[in-house]
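Trainee: These came from TrEMBL, pasted as-is:
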DOMAIN    14-249  domain 'Aspartate/glutamate/uridylate kinase'
SITE      Lys18  site 'Transition state stabilizer'
BINDING   Gly51, Gly52, Arg73, Asn167  substrate binding site
SITE      Lys230  site 'Transition state stabilizer'
Amino acid sequence: MTIEPTEDHKAGGLFVMKCGGSTLAALPDSFFDDLRELQESGAQPVIVHGGGPAISGNLEKLGIESRFVNGLRVTTEEVLDVVEMTLSGSINKAIVRRIQGSGGQALGLSGVDGRLITARLVANSDEVGLVGEVTEVNAEIVQGVLAMGYIPVIAPIGVDAGGQRYNINADTAAGAVASFIGSPQMIVVTDVPGIMRTLDGRKTVLPSVTVGQIEDLIESGEIYGGMIPKVRAAIDCIQGSVSEVVIVDGKEPRVLSRVLQGEELGTRIIRS
Ligand SMILES: Nc1ncnc2c1ncn2[C@@H]1O[C@H](COP(=O)(O)OP(=O)(O)O)[C@@H](O)[C@H]1O
Ligand SMILES: CC(=O)N[C@@H](CCC(=O)OP(=O)(O)O)C(=O)O
């Protein structure tokens, strides 16, 4: 089974949207109405979501401290139970319910289901524990769900051949899904209007940045914290089938359709 993106994908074809935990609760109903309209008009959205703040909140309730190394959660088996419960459970189903509430069709999955996301330990697992990097995404499952008329809503948990599960940063997982399914575009929906930098003492959104400029922005400290995995995932997937990654604020009205129509909104990360 193959997916044929429309000639002009910006008018509505296959695209991956990553939705951050920072913004999920703040997304207005109109965001999901826009998504439903896109689905009705023939677009093929694929959602990969985060949920970092909800995981930290659940860990805190259990008296478990959250620790991060370079933006990655230090993940023990005990932490992983909470990560999986939160991402594959409450967060995933909340997104599915909101899409359905707007009249759209959605099907929730985690990377474990059908071995959708195969992963292995990251190189610095001695520091971060059971954190995974993606080795493969089963594109046929994504294509099958889309062909049935549902929006796949994917929680970023990976699994290996031996059945071990891994916690995967949601930006990293979204970039890998975009690459493996051959999506021309990834839209990263977050809580800021794009990549910002301070110019003349004022914070301004950069309309576009190249892969080359990103390293300088990280080096100078202007890109830090949660923005780092986003831009790193962008760099990785832009080297493949994805031609651009757009970082936008989910509270912006009709943000998805406006980005897909090519409106200058947020920050576009492009090859050069
Ligand atoms: N240059 C930058 N421009 C905008 N935001 C930045 C920048 N550098 C770091 N950030 C931070 O990145 C955050 C978004 O990442 P994160 O909180 O992990 O969001 P999400 O949950 O959507 O993945 C912003 O709220 C902001 O604090
Ligand atoms: C390894 C790792 O750090 N995994 C993340 C997965 C969730 C995530 O990435 O959520 P956001 O998109 O909201 O940040 C975590 O445990 O928080």
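Cβ from N, Cα, C; glycine included.
Provide an account of the burial state, proximal residues and distances for the features listed.
Mentor: Sequence-distant neighbours of Lys18 (site 'Transition state stabilizer') (same chain, six or more apart, CB under 8 Å from its CB) are Ile47, Val48, His49, Gly50, Ala170, Asp171, Ala174, Met186, Ile187, Val188, Val189, Lys230, listed in sequence order.
Around Asn167 (substrate binding site), the same-chain residues at least 6 positions away in sequence with a Cβ under 8 Å from its Cβ are Arg73, Thr75, Val79, Leu80, Val83, Leu130, Val131, Gly132, Pro156, Ile157.
Secondary structure from DSSP puts Lys230 (site 'Transition state stabilizer') in a helix.
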Trainee: Secondary structure at Gly52 (substrate binding site) (DSSP, helix/strand/coil)?
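Mentor: DSSP assigns Gly52 (substrate binding site) to helix.
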Trainee: Please work out which residue of Arg73, Lys230 has the most C-beta neighbours within 10 angstroms of its C-beta, and give that one of the recorded positions.
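Mentor: Of the recorded positions Arg73, Lys230, the highest Cβ count within 10 Å belongs to Lys230.
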Trainee: Summarise the model's confidence over the domain 'Aspartate/glutamate/uridylate kinase' (14-249) as a mean pLDDT value.
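Mentor: On average, pLDDT over the domain 'Aspartate/glutamate/uridylate kinase' (14-249) sits at 96.
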Trainee: Among Gly51, Gly52, all listed as binding-site residues, which has the most CB atoms within 10 Å of its CB?
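Mentor: That would be Gly51, with the highest Cβ count within 10 Å.
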Trainee: Write out, in the order they occur in the sequence, the residues of the chain not among Gly51, Gly52, Arg73, Asn167 that have a C-beta within 8 Å of the mean position of the C-beta atoms of the recorded substrate site.
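Mentor: Other same-chain residues near the substrate site: Gly21, Gly50, Ile55, Ser56, Val83, Thr86, Leu87, Asn169, Ala170.
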